[in-house]
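Visitor: Got a structure here, written out as structure tokens. Questions coming.
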Amino acid sequence: GLSPAGDSGARAWPSAAAAGPGTAAPGGGAAAAGSVSPWDIALCATGTAVAGENALVLAVLFYTPSLRAPMFLLIGSLALADLLAGLGLVANFAVRYLLRPPSEAAELAAAGLLLAAFSASVCSLLAITVDRYLSLYNALTYHSERTLGFTCAMVLLMWLLCLGVGLLPLLGWNCLRDQSSCSILRPVTKDNAAVLAVTFLLLFALMMQLYLQICKIAFRHAQQIAVQHQFIATAQATSTRKGLSTLSLILGTFALCWIPFAIYSLVADSSYPAVYTYSLALPATCNSLINPIIYAFRNPDIQKSLWLACCGCIPSTFSSRPRTSSDV
């Protein structure tokens, strides 16, 4: 049977003390009783789905020579981050329930993997936003300035920074020696969780500002094209509505998945019922499940590669119209 993992709190999710009545505890009492929290099962299943979906994106990008532009490198970075996040969720489950005897180093490593992966995921989303902004703001010089080598260097720098964040729990930035300092996500301390949450909210505010600027530039470009080519008003309105729907999908999904969890991380600590943390953490992890749909599978080039890989053909109804600035 499953033996208890101890009360050290060295895990990326709440411990038994915070589980509350009627909730299977993920870190202590539940494991001791041989039961598994259904929340942990849901997180592990989500992680498995996230890993599989993003592995498909990476395989398409890797085996399609035409998908080597800087934009696809950023999509690949996002897919890799989400893939590692999914594997981190599975590893966290395995370390808590399957690893015997318990290993403090393994628990800290699993927590560090989750921190690094989700940090890289959010930073990759920001990088994609900046790339979209620059492609519109510097439309004439974008392709000459944004070379593949420059993008690779920026992505590598971003990943080194995120890996540094992931190493913090292993380097002593944890609450193993002071349980009262634990946040809702052990072994991260309350102070460190607050810093991460505030940083995330600032990054989201920056993304929102950039997308507002993208929207303004796209509308201006659409109006200029309409005047130059004398397009009918309905065509411009359709393109504008598509751009607005894309913006709403991107920002709305990101906000709904992450903002509640980030705010809760600021106000709560390990004494709060675990069910609250789980109910907010699960939607946040689902963002990595939605990212491939928004950023990869909606891309015409990736769609074409998927059709060729799956059935060796391209549907006659497939549209290969190039993206325009109005599409955002």
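Cβ coordinates are placed from backbone N, Cα and C, and glycine is handled just like the others.
Since we're looking at a predicted model, the values are computed, not measured.
Sharing the features that TrEMBL gives for it:
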- 53-295: domain 'G-protein coupled receptors family 1 profile' (DOMAIN)
- 39-64: transmembrane segment (TRANSMEM)
- 71-99: transmembrane segment (TRANSMEM)
- 105-128: transmembrane segment (TRANSMEM)
- 148-173: transmembrane segment (TRANSMEM)
- 193-212: transmembrane segment (TRANSMEM)
- 244-263: transmembrane segment (TRANSMEM)
- 275-297: transmembrane segment (TRANSMEM)
Visitor: Please indicate, using numbers and ranges, the residues of the same chain that are 6 or more beyond the transmembrane segment (193-212) and have a C-beta under 8 Å from a C-beta there.
Guide: 115, 119, 122-123, 125-126, 129-130, 132-133, 165, 183-185, 247, 250-251, 254-255, 258-259, 262-263, 265-266, 328
Visitor: In the same chain, who gets a Cβ under 8 Å from the transmembrane segment (71-99) while lying at least 6 residues past its ends?
Guide: 2, 5, 11-13, 26-27, 31, 36, 40-41, 43-44, 46-55, 57-58, 61, 106-107, 110-111, 113-114, 116-118, 120-121, 123-125, 127-128, 131, 135, 148, 151-152, 155, 158-159, 162, 285, 288-289, 291-292, 295-296, 299, 301-302
Visitor: Tell me, please, if the transmembrane segment (148-173) and the transmembrane segment (105-128) are in contact, taking contact as 3+ Cβ pairs under 8 Å between residues separated by 6 or more positions?
Guide: yes
